[in-house]
Amino acid sequence: MLRLVSWNINGIRSPLQGVRCEEPSSCSAMAMGRILDKLDADIVCLQETKVTRDVLTEPLAIIEGYNSYFSFSRNRSGYSGVATFCKDSATPVAAEEGLSGLLSTQNGDVGCYGNMDDFTQEELRALDSEGRALLTQHKICTWEGKEKTLTLINVYCPHADPGKPERLTFKMRFYRLLQIRAEALLAAGSHVIILGDLNTAHRPIDHWDAVNMECFEEDPGRKWMDGLLSNLGCESGSHMGPFIDSYRCFQPKQKGAFTCWSTVSGARHLNYGSRLDYVLGDRTLVIDTFQSSFLLPEVMGSDHCPVGAVLSVSSVPAKQCPPLCTCFLPEFAGTQLKILRFLVHFKQDPVFKQSALQPSNQTQVHMRKNKARVRSTRSRPSKTGSSRGQKNLMSYFQPSSSGPQTSNLDLPSLGTLITPKTSEEDVMANVVEGQTKASEAKDEKEIRTSFWKSLLGGPSPMPLCGGHREPCVMRTVKKPGPNLGRHFYMCARPQGPPTDPSSRCNFFLWSRPS
């Protein structure tokens with residue numbers, strides 16, 4: 001069996017913060033290893049890693065028993081990015097970053113790019129510059145004993161921001177490039193699985209509020225998925241797309257099967273989300289080898305939950321990892337770089353040909369002068385005439401025998417030192433004086449505290465929502481417009497169906513300007 005899991009992790013370092021370990025240096029490796037063990041998959045595909053190569057650490061990338069592959073955003077730090085972790089028993093024969101082929105600079109690429117004539121070179125580079133696609137190619141053995149090729153496309157598709165129309169164009173062009181590459185691989189004889197965050201809820205059953213959304217099925221992303229996927233799951237339908245939504249193949253009518261929830265509104269508590277994460281397999285592969293397709297909503301740590309599938313095939317591991325594997329990166333390769341690689345050879349100027357070990361005549365003159373000064377300084381007697389040896393403890397209690405006297409006070413010898421006794425009256429006086437000072441300090445502190453309390457009254461209590469009569473929460477308008485930056489109050493409960501009394505009510509109140 002081959003088990004695949006895909007998860008939009010929303011920052012690969014975020015879920016690691018809750019894992020405790022005694023050795024900080026190995027904490028990341030232990031945490032990442034525990035996450036992979038918890039997912040219990042032969043191949044784990046992660047999206048939205050939010051790391052760039054300069055901040056990727058060895059404990060995070062090199063996990064015992066796995067070989068990993070990363071694609072980074074080249075334009076922004078802490079943005080996008082995908083990664084694939086393969087068990088050593090599922091080592092790929094090839095791996096490649098990006099969909100266009102422009103990022104392939106070494107052997108071991110997957111190949112099969114298809115016809116991309118309607119894309120410019122600049123557009124292809126832009127589509128691959130955000131670290132949104134990673135391909136690994138594997139050898140699998142079917143239950144019949146036949147060896148075949150399987151290509152996994154780990155994708156994090158763009159989100160179309162309503163306020164940025166150009167991002168919708170970018171998203172649709174990315175979809176187009178993804179489909180061209182996937183179909184080219186199919187035409188070359190490889191089985192193909194597209195898995196990851198597609199950032200589109202395909203059917204109304206895949207979105208909690210589809211009935212209230214205008215022109216839901218007219219969305220360009222949903223139309224693209226209509227053309228990519230076959231209708232009616234595994235059964236024959238009016239449209240026979242090259243791929244099948246594996247989850248809907250096994251659970252065609254399952255409601256509430258969501259994979260993404262809003263963290264701001266707390267919608268996950270009431271399962272008020274959408275299904276954006278998929279495992280799409282080519283039609284022949286799904287029908288012949290898929291045993292199950294599942295969601296893992298109980299796995300926390302991100303605003304998405306993992307999804308996956310189980311195939312009735314076995315993996316045939318490659319003898320060596322592809323060149324894209326992180327173990328071959330110079331910073332993780334385990335070989336020390338020579339310092340000569342960082343030095344630039346240049347022709348020496350004749351002025352500097354003199355050896356540094358042989359000083360010039362002028363330098364020798366200065367050195368002789370400095371030596372003479374040192375000798376004269378050392379031979380000069382001390383002003384005090386005292387020796388620099390270790391002093392006797394008694395010398396601190398006796399007057400100095402040489403040098404000017406700084407004081408006429410005769411210090412007693414060590415044996416005659418006597419500690420005076422403190423009378424009971426003095427002790428009581430000190431206690432009373434201390435209590436008086438403490439009382440005065442307390443009174444002064446109380447006066448100061450009351451003054452600041454009168455000056456700074458603190459925040460006023462939150463208003464109560466109309467539906468539950470519970471304290472509200474304050475939010476800030478972030479949408480561009482006349483109300484940008486204004487504060488308002490709303491119900492503090494999580495978002496949910498309007499018919500659910502435990503979900504958020506529609507209370508809204510503008511905050512008074514300060």
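Using the three backbone atoms N, Cα and C, a Cβ is placed for every residue, glycine included.
As recorded in Swiss-Prot:
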type     : residues                       : note
BINDING  : ASN8, GLU48, ASP303            : Mg(2+) 1 binding site
BINDING  : ASP197, ASN199, HIS304         : Mg(2+) 2 binding site
ACT_SITE : ASP197                         : active site, proton donor/acceptor
SITE     : ASN199                         : site 'Transition state stabilizer'
SITE     : ASP277                         : site 'Important for catalytic activity'
SITE     : HIS304                         : site 'Interaction with DNA substrate'
COMPBIAS : 366-381                        : compositional bias 'Basic residues'
CROSSLNK : LYS371                         : ubiquitin cross-link
COMPBIAS : 382-410                        : compositional bias 'Polar residues'
BINDING  : CYS465, HIS468, CYS491, CYS505 : Zn(2+) binding site
- Look up ASN8 (Mg(2+) 1 binding site) in the DSSP assignment and report helix, strand or coil. strand
- Query: Of these binding-site residues, ASN8, ASN199, which scores lowest on Cβ atoms within 10 Å?
  - Reply: ASN199
- Message: I'd like to know which of the binding-site residues HIS304, HIS468 has the most other Cβ atoms within 10 Å of its Cβ.
- Response: HIS304
- Roughly how many angstrom lie between the C-alpha atoms of HIS304 (Mg(2+) 2 binding site) and ASP277 (site 'Important for catalytic activity')? 8
- Counting across all protein chains, other CB atoms within 10 angstroms of the CB of ASP277 (site 'Important for catalytic activity') number 24
- Message: Using the CB centroid of ASN8, GLU48, ASP303 as the Mg(2+) 1 site centre, which other residues of the same chain sit with their CB within 8 A?
- Response: TRP7, ILE9, ASN10, GLY11, GLN47, ASP197, CYS260, SER302, HIS304
- Students should find that the Cα atoms of CYS505 (Zn(2+) binding site) and ASP303 (Mg(2+) 1 binding site) sit apart, in Å rounded to an integer, by 23
- Any idea what the Cα distance is from ASP303 (Mg(2+) 1 binding site) over to ASN199 (Mg(2+) 2 binding site), rounded to a whole Å? 13
- Task: Please tell me which one of the binding-site residues listed here (ASN199, HIS468, CYS491) sits closest to ASP277 (site 'Important for catalytic activity'), measuring Cα to Cα?
- Result: ASN199
- One residue among the binding-site residues CYS491, CYS505 has the fewest other C-beta atoms within 10 A of its C-beta, namely CYS505
- Residues close to Mg(2+) 2 site centre defined by ASP197, ASN199, HIS304, Cβ within 8 Å: ASN8, GLN47, GLU48, TYR156, CYS157, GLY196, LEU198, THR259, CYS260, LEU276, ASP277
- Task: Look at the binding-site residues GLU48, ASP197 and tell me which residue has the greatest number of other C-beta atoms within 10 angstroms of its C-beta.
- Result: ASP197
- ASP303, CYS465: which of these binding-site residues has the highest Cβ count within 10 Å of its own Cβ? CYS465
